[in-house]
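Worksheet for the structure shown next.
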Amino acid sequence: FNHCSPGLCGNGVCINTGGDFTCDCEEGYEDSVTLKVCTDIDECSLPGHCTGGTCFNTEGSYECACPPGRSLGPDGTNCVDRDECMEQMNRCDGGTCENTDGAFRCVCFDGFMATADLQFCEDIDECAMNANVCMHGKCHNTRGSYTCNCEQGYCVPQGQMICVGQCSDDSLCGPHGQCLNVDGSFECDCPMGFVTTDDRKACKDIDECSIEGICVNGRCHNVPGTFRCVCLDGYEKDDQGANCTDVDECTNLANCINGMCVNTDGTYECQCPEGFQKNPTGIGCDINECVEVPGVCRGGKCINGFGTYICECSMGYQLNSATKTCEDINECEGDTSDNEYDVCGAGLCLNTVGSYNCQCPEGYKSIMGGRKCEDKNECDEEGQCNNGICDNTPGGFACDCDEGYTVTPDGRVCIDTDECTEDPIVCGIGTCQNMDGSFKCYCPDGYTSESGAACVGRCSLLNVFIYQREAHCYEQESQGVCSLPGNHAVKISTCCCQCTGGGWGSAEDDCEACPSNGTLEFKNICPNGCGFTPDGIGECSSLFCAAFDVPHLYVNECVSSEDACGNGTCTNTDGAFECDCDSGYYNGPEMTCLDQNECDLAGVCRNGNCVNLEGTFRCDCNEGYLYDEEHKMCLVSSSFNALLIHNFAADTRTGFCYAQIHQRMCEVTSTTGLPFTRAECCCNRGKGWAEAGEDCEECPHPGT
């Protein structure tokens, strides 16, 4: 059913909705839900309409009535301020227009006055306001101002609006004249040195220098109102100061000493007696000692002066004030106690007439034209210190010889060292042949020599089993008692060939001191010298073993005793056994493995407290540090990621970390025995690091 009938919605369009209808209202109308019809919207009751004006509602719309000074804005919904100053140019004729909210005002120029409503600027009639405004003249009003027509003899000074007498202007007669008012005009009264112009209206300077007879014997300089006379030499001003008169120099007793003074116009003359001549300055008669006195200033230059003379001595000479002669300076004497070696340095000073020479000793060379001795660098010369390094010294040099060479007593030549003569047993049982910078060992059958070491045979040492046996290495030994054992059992060569002292044996009270370097016993154990451990002597030959070939029963201690080593691994050997102790244990007396108290080691648990456990230990870390279980140490919380943060290629070689080093050697008692990479060790306050069996590497200093 279509509910929409014509005009049903009024000011809108009816839309049938199936059983009902709605109204689509026109602009300005709204659908009334209850009445089902479009009704007018009262826009005036809604905010934002006709701001700044009065709103009037109309059917389907509204209107805005704007007050004076306002007009409907571009959107037609609000009243906005009008800029009256822009709407009409020159609105405030005689002033400046200033726009205000809803109005405007006029700010008037001088000579104008604003109306009561401030909407206009009106001209001020100064002549009407003050009839005597021009004083001695007639006032004529103009727009914004006025003019004065002055009476005869009066004028309007620049910058003023009044008629005054002409002498009221101080500048009329200039700086040097005085203005005198006369009837309707003025005249100038000029001071001395000036004269009035023909019309008597100004003063001009008199040029006295143009007057004849002024400043005779001088130079005239005209200045305003006067002149200045500068007299020539030999003249002075007269009493009036207008002219220059001659000066009688002969009245001055200082002139023409030792002679007769004759005054002349502007100067004077000296007439000298016999034997005298005029001084170069002309002030008197003088005897020229440089000519008259024989031998004066000998060795130098004589300069004559009035009544005296001066001697200038050449370099290397000095004046004898008594004899007035130049005498040689002995530069070699100087001012110090060791005079003859001061001037020339390391050389001997030889005085000469007017100079000196330096006699340089061997090792020095002459410089500065023979006036100084300088060390000669002999090391720059070819052929010095062959087979060595030349080290220059003051006045000489010294040779630091290569291995195999010995310096001569004078320290200047490296000669071959005859090792065969210095050490008769250097080759052991072999024959020694000296060579340039070295030597060679010729060994009998069954013996060998490696790298110049003594001849060693596979069965040459009766105590071969002693050298093959392993026991503890101790850092210190005193009268057969050892202390500070190492962590592992080693051969005597491994212990004693490091040449660090100490001893070797199975227990602290059962040990022997390492032999001293240079002894035959040391050579037998360490054939290659300090710092070199032999690779192994090898097994005995049948010839040697035959002497010890007696019936015996071999016992496997690792099988016969289940707890042979305790906390370690047992390895059976010929006639004995060895213990390889577990981590956290060390070889004790009688081949046992004892718990290592890691807390006694220096540097363990740095930044925390160490707690010893059986076979291991634990670190209770201080605040700000974290426990690294893998390496058993306390690390700064930020150091775990340090290597990742800085993007460095870490040194990942694995070895042992040491908390202390001494003379570039790692202290064996300052390590936990746990494996560390070099980066982990040195980046966490380690002092040294070493791979197993290798030399100690000192950790670099932080910041490098």
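Glycine residues also receive a Cβ, built from the backbone N, Cα and C atoms like all the rest.
What TrEMBL annotates here:
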- 40-80: domain 'EGF-like' (DOMAIN)
- 81-122: domain 'EGF-like' (DOMAIN)
- 123-160: domain 'EGF-like' (DOMAIN)
- 205-245: domain 'EGF-like' (DOMAIN)
- 246-281: domain 'EGF-like' (DOMAIN)
- 286-327: domain 'EGF-like' (DOMAIN)
- 375-415: domain 'EGF-like' (DOMAIN)
- 471-526: domain 'TB' (DOMAIN)
- 554-594: domain 'EGF-like' (DOMAIN)
- 595-635: domain 'EGF-like' (DOMAIN)
- 655-704: domain 'TB' (DOMAIN)
The domain 'TB' (655-704) - residue tally per DSSP class, helix then strand then coil: 8 helix, 16 strand, 26 coil
Cβ-Cβ under 8 Å with the domain 'EGF-like' (595-635): same-chain residues at least 6 beyond its ends: 487, 567, 582-586, 657-660, 667, 669-674, 676, 680, 684-685, 687
Contact set, same chain, for the domain 'EGF-like' (375-415): CB under 8 Å, 6 or more residues outside the stretch: 346, 361-365, 436-438
Tertiary contacts of the domain 'EGF-like' (81-122), as residues 6+ beyond its ends and Cβ separation under 8 Å: 52, 67-71, 143-145
Helix-strand-coil residue split for the domain 'EGF-like' (81-122), DSSP-based: 4 helix, 18 strand, 20 coil
Secondary structure content of the domain 'EGF-like' (205-245), with strand meaning DSSP E or B: 3 helix, 18 strand, 20 coil
